[in-house]
Amino acid sequence: MDFDDHDDGDEEMPPMPVSSSYETPPQHGLAGGGMAPKPPGEIGSRVKGPSCGGGRYRECLKNHAVGIGGHAVDGCGEFMAAGEEGTIDALRCAACNCHRNFHRKESESLAGEGSPFSPAAVVPYGATPHHQFSPYYRTPAGYLHHHQHHMAAAAAAAAAAAGGYPQRPLALPSTSHSGRDDGDDLSGMVGPMSAVGPLSGMSLGAGPSGSGSGKKRFRTKFTQEQKDKMLAFAERVGWRIQKHDEAAVQQFCDEVGVKRHVLKVWMHNNKHTLGKKLP
């Protein structure tokens, strides 16, 4: 009957599967018109999530030298999915084997026109700029060998940037006082930014311009009568203040109107000038 032939034709037509946008399209063309059997490992490899739409993923920004404090990229220029959409391999790049999140995402609005500002083009201050894309073909096992000199240059540039502006050492006063006490009125006040060291003691008696700073140091003024009395007292004690002369020194300072350390510094400064003139 014609009806039997019509029924046989309906039974031979394979059912058309309905696939969503998250699943791979069915494969046809096999014997019998059915779909290809799925391998056991593919059943659990599908993920539920949005597709790669909404923008393109450009160059890989993963730093492969972060462990040694450097910066080295693999040179991958654009993300290329390693598997079909909807699988776990779709999130892995077939070129650099990195996750899709390491690639710079370019939105659809900027896909037609180049982005005016790219985070990958930012070079740290003091670092040596390096080529973003490798001129050589990258092999899966040796892509880091070409960037070793970039890693060394980046590490050297980072060290130079950190130590390129060395801080000036703190100025410390000289430890050799040469007989001068602390708080000397004649020693002068030296600014914190001036070079203070073993030569700071040579500024005594050198005049107002002897100090390394621009500030004029304080100098005690003596009258001629005070100079004559201090000269006579210095000759009497031998140009040195000893312990058994403390009472006489204190009495002399009260009479003349000078401090003890001022008298001591004056004797030290004039011992080699006024003392040598004596017969």
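Even glycines carry a Cβ here, placed using N, Cα and C.
For 1-47 (among others), the entry in Swiss-Prot reads region 'Disordered'.
What Swiss-Prot records for 1-13 is compositional bias 'Acidic residues'.
According to Swiss-Prot, the feature zinc finger maps to 57-106, an assignment based on sequence analysis.
If you look up Swiss-Prot, you'll see 168-190 (among others) marked as region 'Disordered'.
Break the DNA-binding region (215-278) down by DSSP state and the numbers are 39 helix, 0 strand, 25 coil. Annotated DNA-binding region per Swiss-Prot: 215-278, in sequence order.
The site 'Required for DNA-binding' annotation in Swiss-Prot covers MET267.
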Helix-strand-coil residue split for the zinc finger (57-106), DSSP-based: 10 helix, 13 strand, 27 coil
